[in-house]
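Note sheet for the following structure.
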Amino acid sequence: MDSRDWTQLGCVAYPSPIHPDYHAGPASTIAFDNQDELLWIGTQKGFAGSFIGRELKRFTAFRIHPETDGPLRQFLFVDKGVIFLGSRSVYMAARSGVPIWSIRHESMQDLRAMSFTSKGTSEILVAGWQNKMLVIDVNKGEVVKELPTQDQYSFLKMSRYICAATNKGTVNILDPITFTIKKQWQAHGAFINDLDTSNDFIVTCGGSHRQTHNTPAILDPYVKVFDLKNMSAMNPVPFAPLAAHVRMHPRMLTTAIVVNQAGQIHVTDLLNPSNSQVCYTQPQGVVLHFDVSRTGEGKALADNKHNTYVWGSPNKIQFTEIGIPPRLPDPPQPSLLPPDPDMLEELPLSRIGLPYYREQLFSALPPDIISDVGAPPQQIDPNILSTLTKTDWGYIGPNKTGLQRNQYMDTRSTMKTSNTIRAPKFLSEKARESQTGSEDNTLATNETAMMTPNNDHWSLRPEAPPEYRICEIKYSKFGVDDFDFGFFNNTPYPGLENNITNSYANSLLQVMHYTPLLRNMALQHAATACLADPCLLCELGYVFDMLQKGEGPSCHATNMLRALNHTSNASVSGVLEDIAKDKNPSTLVKNLTMFLFDKISQDYKGTPPISTELERTLFKLNQPPNPLDLVKRLLETDARYQIKCMHCQHVSPRTATTFVNKLCYPAAKPNIRGMKAQRITFSQVLKAGLENEAVNKGYCTKCQRYQNLDQRKIIFNIPAVLALCTEITTAEHRKLWSTPGWLPEEIGIIVDQGHVYCYEGDDLKLHLNRGIHNITVYSLVGTVVNVETKSPQKSHLVATVNVGRAEPESKDQDRWHLFNDFSVRGISKVEALTFNAAWKMPVVVMFQVKAANHRFNMDWKTRLDTSVLFRDNNPHALKTYELLDRETEIPGPDTVIAIDTEFIRLKEREIHIDEDGKSKTIRPISHAIARASVVRGQGSREGVAFIDDYIHIKETIVDYLTEWSGITPTDLDPINSQRNLVSPKTAYKKLWVLVNLGCKFLGHGLSQDFRVINIQVPRNQVIDTSIIFMKPPSQRKISLAFLAWYLLKEDIQQNTHDSIEDAQTALKLYRKYEEFMANGSFHDVLEALYKKGKTLNFKPPRISTGAAKDAGFGAVHRVGTPPVPAPGTTEGSFEISNSSTATTGGSALSATGGMGSASASSSMPSTPVRKPIGLGGPFTVAGVVKPSPATSLDNFGAGAVGTGITTAAATMGGGYGGYGTDGAYWGGPNDMAPTSMIGGSAFIPAKFPPGPPETRGFIPYRPQVLLAEREAAAAAAAAAAAAAANNDVGGRGGVACGNGGAGGEQGKQE
């Protein structure tokens, strides 16, 4: 970070001299926006203003609160807007100034600071110089909690904890969940003037009294530093000019920026304070406020003279990562009428009279008159442009349009009529009609015609037929899943959906997929341990694997196309349709072909493939080849340019390795009367393109001047995959391609002494029969075709592919298909190879060596690299999972795993509104996976998660969907997240490996999960509980929450969704299903389930509702996934035994102590799950417990099973060690813990330990017990208390309870 080139880039006076707050004082606070290129400034009387970019151009200004409330204190930024803090109110508004909510509360007396909490941007904590703190729900705009406090706070900043600066110079560390003080430091003697935090550090500036408290405090000549990780103070950083303000650099984690009141800026490394840089600013007054932008490139200072300055490097500065300025309002349109002095602004329009009239007004147009004002101008046909001659004033040429001079065309008539295939009915509509028997067969004829082979050559028609035109996806209220893709494809070859950005690549992906060498290359690489992100070769392998496994009519390449956005040089290569200068589909796909072949060759060289058996056999190699040599043989045209000066005959060589070759057409020769025009063949054009001989102007090093240079390419090797760009630019080129049979199915190439010879047709057969030369035969795999349509319809790309090349050897090798995105149908060879100069021209042609047809190497499936499943990508993250054991837990075809995912929203849906006001969805809402959890489905650790990945999203996130996903911005922040944050590639690779190992995926509503993950799982590997518990005639799928409530008596998804919990619940439902099938009661249970669901509208009643109480249900729920215990410890493990023990042989529950998690011997997960409580049955009394006199509270709860007693009134188990839930218990000999049991499944304590359970470092349970049960248990406890009075009952180890439980029996014996 170099501060030497910093300079003042902008300055603004706010409040300005004309502002009503000018005389009240200078700015009260400043802050950089974290999303838009804005700097916000607050005033002393409650105004806020925002300014754009380095020039500080005025954007918005509006009042936040009345001037009697005093100055504006602080800004906080969220996706939807800005939160403003005043002394007596909290206000939220959009960045444009539109208010969202405002809160005034009786407890708001003198607020000074606010901060986000553990729930991310959905909740804030506000505090000040008052005795109460308040928690505010940002989404609802209401106070949800009031917290008393003994300290008065001036600053709040969120990092690992909430760091709070008091008005007495101390720094308090607050728990972000309970808001209790965990640590306190005395930072400065009198006051703290500024505070900031990073992930691990706190830095403060402040002042102290130099002699006595009666003397005024002055600023300290140092910056105090505290280590949050180790909870310790570090050596202060000296700052002789007296530190007034400090900020941590947002990108350089150990760098702080310190400013004094005169504007002197020091950039200091906290770990090496002697290494610092200094920058001198020239403020007009004393610096009152300072802030640094999110990128660290912009610095803002505000002085007491109403000026705010922006400093930074003039060559590189932007406030946010993206750097997009906010959208400005449209400027007002000037009035077309001259100003009228009589038209006063206060004059109502009703005072202006209208003349009397008897004839019809001119504005009353009859309905048959059409006004086409504003219609878009007609696009000029490219075919016409190619025939025009350029002049000094424009272009001139023959009029072939059939229209007269200056005659225009009704451009809207073509918009109203669409020559496309009529869209089918939605699947939901068909289902309703089939149930009612009113199915409409009007589309049956269309569908039959669509799928019945037609011998008519569509390519000979003057315009593109419907089969070649753009196919649009229609959306119902059920989204894209309701669209009938099967209507457009009844072949076994999946299409690709086109509702994704950059989906123009679909046609090229289909051609590459059916090129066996490219498919094998991608899959062999994807099966390696490659975790590079992005890696386009891996992404191609995943797409090809989806298309191979595809059992439906369509797939989508979302992940591949997203990875394209993040690949280096993609934006400058013209392959991203949103930002490409030339958006013509043919140009885009040509650029993409060259870009992809270059990138996948680099990726292939980086990691050796799993197997090279196919390549060794094909190229007759003895040893495993080097990846560099393989790339040359597979993709590279090995050549060298020979550049010869036409003047001095000097020859200079230059390497000319290419992956994609361009065809070169001979110059048109004038027709000579009486001579037959020479026929130009494809082989001649190919030879000219490979050798690329041309004469160009260039610099000759020998002549030392520009001369005509003869450039010729000497070829040494032609690759096995020959990708060609057609480079069709003139009408002559179109005429060539329109010649029937001009593109051959096979070509032969001979490379001899740097020369290339190409043959086709009879010439090829002749050379093959003679067998003199070493000729390589190439087969045509497919073409990418540009379908040109007249304006306003858009041109687009389709693919014609011979899928027979990529299938096992068969008699019928010519199996041509037309891939029009998700519309796929078989076509004849003649149709595939016929082109039309008017609308059908090829852009990319793909050949492959004939010897590689029908050849596959499936070794990658048996040699799949599985190391990603056993690698911990983030050892320091919060552990909510346990990795698989390499020795005992090897996934395979018999492995059942339960999966659930959580999503975030990347883009809102795009809507197109027609001129008649009708709207339709162009692109649906775009989601991305943010969390993926996979739990074991069998074995001794059934229900224990072994994958719990949070995904680092690189795109801009529109909505975290926290209410439904449980995902907060902090979870996905690579700097502040404590989660197991991984790249999208790593998370996807784990699931892809499990699919290809044959594991069975169990979950609820998996189709949506798989769609967002963008993975194809074969049907025989999917177990979907939403389908298992679906009554076929109803076609209604029941929610996971309702199934859990009804079948498992558990109330899940109380506060948010937790993917581990949902996966565990789906697993338990499947076990229930197996149980019902075993005893033959499944159909009866299903009937009762739907009957109960209809009465409750298939929504589970929550515990607080009367319906839940009437049903007799109780539940324990949690608010997140607690961490699993460290390996080798027994902390927090629960063991449930179903064997009969002790006197009456009931079920028993024992706890082996600890704090937090549970494991079960009978298929219960070690991650704590909600357990039913209050279901009736016999009552027992848990053992009386007390800690050992030598045991402190901190280490209480880690011993062996304690002692207990039993009486006729109740069974009393051993002591309960620690408190692993907030229902955990410790106490004296006379304390009783009543518990309601059913089958030994749960327990309830009678009292809680002092202090909130969150201070013990775990996520609490919230047990609820019916009042009647508590009273009954208390009565039983009283009877047992007398017998237990003289017994030292309890201990540190655990509790055992149940009818005749083991702990009670042990207590009896002792």
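Glycine is no exception: its Cβ is also placed from the backbone N, Cα and C atoms.
Features of the protein shown, as given by Swiss-Prot:
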- 22-61: repeat 'WD 1' (REPEAT)
- 67-105: repeat 'WD 2' (REPEAT)
- 106-144: repeat 'WD 3' (REPEAT)
- 145-184: repeat 'WD 4' (REPEAT)
- 463-850: domain 'USP' (DOMAIN)
- 897-1070: domain 'Exonuclease' (DOMAIN)
- ASP900, GLU902, ASP1009, ASP1062: divalent metal cation binding site (BINDING)
- 1121-1169: region 'Disordered' (REGION)
- 1139-1168: compositional bias 'Low complexity' (COMPBIAS)
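The DSSP breakdown of the repeat 'WD 3' (106-144), given as helix, strand and coil counts, is 0 helix, 25 strand, 14 coil. A 10 Å cutoff on Cβ-Cβ distances gives ASP1009 (divalent metal cation binding site) a total of 23 other Cβ atoms nearby, all chains included.
Using the Cβ center of ASP900, GLU902, ASP1009, ASP1062 for divalent metal cation, the list of other same-chain residues with Cβ within 8 Å runs, in sequence order, ILE899, THR901, ARG931, ALA932, SER933, GLY1003, HIS1004, HIS1057, SER1059, ALA1063. Same-chain residues lying 6+ beyond the ends of the repeat 'WD 1' (22-61) with a Cβ under 8 Å from its Cβ atoms: 9-12, 14-16, 67, 69-75, 77, 79, 82, 84, 86, 95-97, 285, 288-294, 298, 300, 302-306, 308, 310, 312, 317-320, 323-326, 328. Sequence-distant contacts of the repeat 'WD 4' (145-184), counting only residues of its own chain at least 6 positions beyond either end whose CB sits under 8 Å from a CB of the stretch, comprise 107, 112-118, 125, 127-135, 190-192, 194-200, 202, 204, 206, 208, 226, 228-229, 231, 976, 978, 1252, 1254-1255. Broken down by DSSP into helix, strand and coil, the repeat 'WD 4' (145-184) contains 0 helix, 24 strand, 16 coil.
Sequence-distant neighbours of ASP1062 (divalent metal cation binding site) (same chain, 6+ residues apart, CB-CB distance under 8 A): ASP900, SER933, GLY1003, HIS1004, LEU1040, ILE1052, GLN1053. Sequence-distant neighbours of GLU902 (divalent metal cation binding site) (same chain, six or more apart, CB under 8 Å from its CB) are ILE929, ALA930, ARG931, LEU961, SER965, GLY966, ILE967, HIS1057, SER1059, listed in sequence order.
The Cβ of ASP900 (divalent metal cation binding site) has 26 neighbouring Cβ atoms from other residues within 10 Å, across all protein chains displayed.
According to DSSP, the repeat 'WD 1' (22-61) comprises 3 helix, 20 strand, 17 coil. DSSP places the residues of the repeat 'WD 2' (67-105) in helix, strand and coil in these numbers: 3 helix, 19 strand, 17 coil.
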